[in-house]
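The domain 'Amino acid transporter transmembrane' annotation in TrEMBL covers 35-428. Residues or ranges marked as transmembrane segment by TrEMBL: 41-61, 67-93, 114-135, 155-173, 182-202, 224-243, 264-284, 350-370, 376-397, 409-433.
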Amino acid sequence: MVEDIEKPEKVEVLNIDSKKVNHDYVKPSAHAIDKDSWQQVGVMLVTSCNCAYVLSFSNLMLVPLGWAWGIFCLIMVGAFAFYANWLLADFHIIDEYRFIRYRDLMGYVFGRRLYYTTWILQFLTLLLANMGFILLGGKALKEINSEFNSTTMRLQVFIVIAGFVYFLFAYLVPTMSALRNWLALSAILTITFEVTLLAILLKDGKKSKREEDYNIHGSKTDKIINAFGAIAAILACNASGLLPEIQSTLRKPAVVNMRKALTMQFTIGLAIYYGVSIVGYWAYGSSVSAYLPSELSGPKWAKVLINSFAFLQSIVSQHMFCAPIHEALDTKFLRLDEKMFSKNNLLRRFILRSIVFGMNTFITALLPFMGDFVNLLGSFTLFPLTFVFPSMIFLKVKGKSSNRVEKAWHWINIIVFSLLSIITTASAIRIIINNARIYYLFADT
């Protein structure tokens, strides 16, 4: 596996005031670095973010906000997320060193405390996202089964099946770069899924004889709390929390290529999943389900097709979000002087992947309520990772050379988004507490 390890290459771009370079944050990786084209990464971003997990967010993003505020927040959060990722991409290389992990970048610039803070926030995000994918896969399989059987099995059975399939894919396709052989299939599945879904949504919306209810329900306090939760959910659709890890796979120039890939994601990709979410809300109003395909009227073959493609495409999509966890474990426990598919590393990777997917599958089966926890993910972890930390890095690295307007702008970002993180986190916790009465272990939702 020696050929898969690359030490950070020295490229003079940005510098930070430091008397001594701390090489603790400049480490090699067990996964491939500097291999992929921007087109490959762009397609990976578009297909991974346009999975059925995100396309079912009409319920989370628009129902609590309604039409006017919903569209406004979609545009504003999407625009700020694009800007923040664009900014963060510029700090991939500092002091001639290429940082391939978000936590390494934060540790190098700010020290060990921010290293561990980033590590915790990022891994919470990725683990929760993986659980959401497992739940999505389980629900898709259950919907397929319900079309053929009047008495369906419990959701937990399908969650276990989905978890096992995801584990098998992660074991055989060990790195993010290795997704290159699966992206064409993922794109075909994504396009077919979305076209079929949109066709049925438009049919259902036009055929509806009742006037859809687009009112925002609940008390004034509930409306405010749910609105902040919706903003957090919109952010969860637009941010991954792992941009440096994705950028590490790109060929030089990594900054330029990452920005090209981001442009593809925040134009083509954003238009697709925003469009489906908006049409889903239009078709079913405030009663739209948290899993959009379960609302569809048919025909039977179309519902089976949509759920089948949702499950198959999610196998590829979920891998991008879990790859940084695999990378950390592989770098720590695999034998780096052997090939990735050596007998010893195959056994070690089997154990590592089994632990990750075994734990995530069990928790998902135990608590199959991901909607409210998506709000918590977006508020507690993604606000700092997406908006606050990039501005902090800018002030640290470029602060002395920037003008007053730039400094003021980034301080405003830090303050405003830190406050939003606190408010939306409190909102998400209250939503979870209010809904705790409908939660029960191993629920067959």
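Backbone N, Cα and C define each Cβ position, glycine as well.
Predicted automatically and left uncurated, TrEMBL annotations should be read as such.
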Using a Cβ-Cβ cut-off of under 8 Å, list the residues of the same chain that are 6+ residues beyond the ends of the transmembrane segment (114-135) and lie near it. 25, 51, 53, 102-104, 106-107, 159, 162-163, 166, 241-242, 314, 317-318, 321-322, 324-325, 356-357, 360-361, 363-364, 368, 370, 373-374, 377, 380-382, 384-385, 389
Can at least 3 Cβ pairs under 8 A be found between the transmembrane segment (409-433) and the transmembrane segment (224-243), with each pair 6 or more apart in sequence? yes
Cβ contacts the transmembrane segment (67-93)/the transmembrane segment (376-397), at least three under 8 Å, sequence gap 6 or more: yes
Given the cut-off of 8 Å on Cβ pairs that are 6 or more apart in sequence, determine whether the transmembrane segment (41-61) and the transmembrane segment (264-284) share at least 3 such pairs. yes
At a C-beta cut-off of under 8 Å, are there same-chain residues at least 6 beyond the transmembrane segment (155-173) that contact it? List them, or none. 130, 133-142, 145, 179, 181-182, 311, 315-316, 318-319, 322, 326, 349-350, 353-354, 356-358, 360-361, 364-365, 368, 442-445
Positions on the same chain near the transmembrane segment (182-202), where near means CB under 8 A and six or more residues out: 40, 43-44, 46-48, 50-52, 55, 173, 272, 275-276, 279-280, 282-283, 292-293, 296-298, 302, 305-306, 309-310, 312-313, 316-317
Contact yes or no, the transmembrane segment (224-243) and the transmembrane segment (350-370), 3+ Cβ pairs under 8 Å, gap 6+: no
